[in-house]
Amino acid sequence: MTFHKTFGYGCIVLICFELLFAGVETSSENDDEYLTQKEIILEKSYHGLIRENETLVEITPLIKVNEEKICNFHILKKPYHEIPFKIELVNNLGILKARRTLNCENRKSYHFEICAIYCDGTPSNTANVHITVIDVNEYAPTFLEPSYVIEVDEGRLYNEILRVEASDKDCTPLFGDVCKYEILNNDEPFSIDNEGSIKNTEPLSHKASHNHILSVVAYDCAMKESAPIMVSIKVRRVCETKFVGMPERIDYTSGSTESLQLFPNARLDLCDISCKNEEDLRIHSSIALKTKHISFGCDRDISNCTSGQKVKDLLPHGAEWTKELSYDEGLEPIFHFDGSTGVVVPATVIDHYDFSSQPFSILTLFRHNSQVEINKHVKEHIVCSADDHKMNRHHMALFVRNCRLIFLLRKNFNEGDLNIFSPAEWRWKIPEVCDNEWHHYVLNVEDSSKVDLFIDGVRFENSIENRHSNPEVIDDWPLHAAHGVNTSLAIGACYQSLENRLKHGFNGDISEVKVSLNSVLTAEDIKCGTTCAEHLLAPKPLQSNNEKSYSDNSQIKENIEMNEIYISAKNKHDIEQFMRKVQYINTKQKPTVGRRNIEVLTTLNCKNESSLRLPPIETYIMVNEPIAPLGIDIDVVSASLETSDLTPPSYSPKIAISGTSNKLVSYQEIKLGVHILEKTCIDSVSKNNGKLEEKNHIDSCSVVVFPSLNPDHEDIKIDGDESLSSSMDIKTNINKDGVEMIGKDTISNYINVLRSLVYSNKKPAYYLNRVFKLSCAQQSSQYKSGEYTLTLTVLHPKQTLFKSTNVLPSSLSKVNFIGNTDNETSFHRNSGSVNGNDNNQPTESKVYSYSLLHTNNVQEPKSHIHSFIHKAEGSHVTMLIILVSVFLAVLLCGVSIARLKNNQKYIEHHQPCPKISDDGLIWDDSALTITINPMQADVTSDASSESENSESEDEEALKDGFTHINQLEWDNSNIFQQ
């Protein structure tokens, strides 16, 4: 029994345990399911961005929860780490905010964990949060130094003068790195790169500026600009060994001085340069005058060259056979040849001269236009003597072919010499022919065995290695006999008689071609023609009592052309004295105006040491126009040279322009046209060998109008036949600025054209006067006269009274003119405007002149009428009563005056007028009484209208003489007419 009880209790306990374990197991499964639902509330990680100046964090992805289950969030803090954030639950979203504004420069990112809190207080699973602080460009770059100061040497180019550096406190490369530097004042010769390195772009000069102050800024990569800082770059003066006191420009005026010192204030600054032994110092200087661009390489004056030989000019300027050539007018005429032009010299100059039998010389000055592609077979003749008909044989010629100067001389037929070879062609291979420069060539031909060539005054000498080939001499047979065939001499080409045309033309410019017949030019003649009139004068060594002669320690040399001087001295004092005495001179009477460059080179050397080359000095001489005296007459220099002989220089001629300086014209005259220069005279006289000689030719004249013409109503034309100047050698060009006349012709022809110029103006009221300036020139426009000025004054008519229908009697008009004859004649004599060829002009001019001399103080009726109307309108009614009361008295007076007036008119028309003196024209209104009927309104309006009409017809009234005098007589008869 006891066993059964015990067993029963054991079963009950066992069952209870089973039930207990079963309940525990069920509860554990429910708890795991609940926890699993909590873990999916948050993501494993979140990433956030926050700007420095904001507090809201942008979270990706969004923290989404269910507010029915989640009531809060919690940030899990770690020890020793500050988490400046908070999280709030708003509308099922977790909003993460910063407790304060963050600073990227202090900390760029934050890492922490968050969890959601269920409403029952149970926490959810945790999630990692990574927040990055976004930088804001809140800081500008700042330089490490507040300013920079540095000193540099002048005259140097530095790769880097100094380096400036700036930094930025922002934390990201975009805002925190400096990407650019800039110099704000761009006018300074400096540059800066992106690394802050400053260098100069040109050598600095202490004289120009001893301190350069730069304003420099820096930019970060977002181009935020820093505050500027000052960079001071001081220029340290460096002593440079060189000549100082050398002028940049030297003015030279012909006729002012015979010679001109170039460097009167020259001083050599040696700085600290010295030799161990002072006697070992040597200073070398060279002064070069560069005139290649002037005229033919320099100014040449052959006016003083004298020669016993008869020189024929085959290319004279102004000759009949050279008129068709294209040329430049100037001191030395230059003829242009293009390969298709040339001229034949008339037989009257050289009559079929046999060049093979007599000695002769050819002198020429030309510039050959060499081409890139040279045809080796093309001949370009300077001078050529060939058959005049039947054949094309060349007897004598000077031509260029394949950059060689070739001279041809064929012997004529002589019995016994037909089969004998003799030199016939000389070929010089010289660079001067094809260098496009001017060169002077002289050929002296004494016989067929001796031909000498001179280039720029220097005799051509062949070198040893090519003495047999330069010149290359070609032998040939004499020409065959040809009866009745003469020669034609051509310049710039060669005459081909079978084709009857010029051929083998020259390409280039030729200034002169001359020949000396029966004799050759001497060395003195050649040198005189090629010597430059302008050159440098070397200083002369001087001897003092206390010092050694300069020649002991110094050397002075100059070249043959006298355009270079070499000076060598042993000390600073000597070289300075020599440089100060170097002079320039130009002996040509009329030097070429322009610039001549001067170059000075200096070197220093000590014995057994390397030499030091000083900076070259570039300056120039400016040759100016000769100084001319003021006034109309001007002295000019004669630079003409006779074509047949070398004549001595002549004295300067004078061009004198004379005439009236003022001309008065009326409206009617200027509308029809006036001869502006009808009283002009031109004279040109020169003094030669103490005798006065008249120069009958001038080259150009110009008439300048001031102000310029208005083509709408002004005009200048040639009176009568517009082709007047075309029959002469004068070309006339008329434009709004005046008249230009060009062409060499006689003075009388120029005067005829000038006097025929007619100026007209359809609207003369626009101008009070006109100014015409006349100037003329001689000798290819080299010498100009002074300006002759003529002032043309327009006489404006005086405002006339209202027009009257009465005409002035002719007898009264005649008396007025006769009475004023003396005054008018003297007035016109002074003004110089009398024209004896026009009988109507003096009469008309007197009327205008008289109105200018005698001004009458008479008010116009229009003003009187307005004045009276104003008073009448302002009168009281009582004025009408007073006027009516006196009406009878006025009526009686009016009738009496009317009868007297009619009687006076009858007497004036039937009796001669007495002579009217000048004072009679002065209006005396002391006894005049004017009464106007205020009721006669229409009379007033008619008079006013008539006065206005008279203003528009003032010119017609003036034409009628003194017709306005009758208007001064008061006629009150119409007052009583109703």
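Each Cβ is built from the backbone N, Cα and C atoms, and glycine gets one as well.
The range from 541-562, 717-738, 937-958 that Swiss-Prot describes as region 'Disordered' is residues 937-958. The two recorded residues, ASN608 (N-linked glycosylation site) and ASN486 (N-linked glycosylation site), show a Cα separation of 73 Å. Residue counts for the domain 'Cadherin 2' (144-249) under DSSP (helix as H, G, I; strand as E, B; rest coil) come to 4 helix, 47 strand, 55 coil.
Across the structure, ASN53 (N-linked glycosylation site) and ASN486 (N-linked glycosylation site) are spaced 113 Å apart at their Cα atoms.
DSSP labels the residues of the domain 'Cadherin 1' (37-143) in these numbers: 3 helix, 56 strand, 48 coil.
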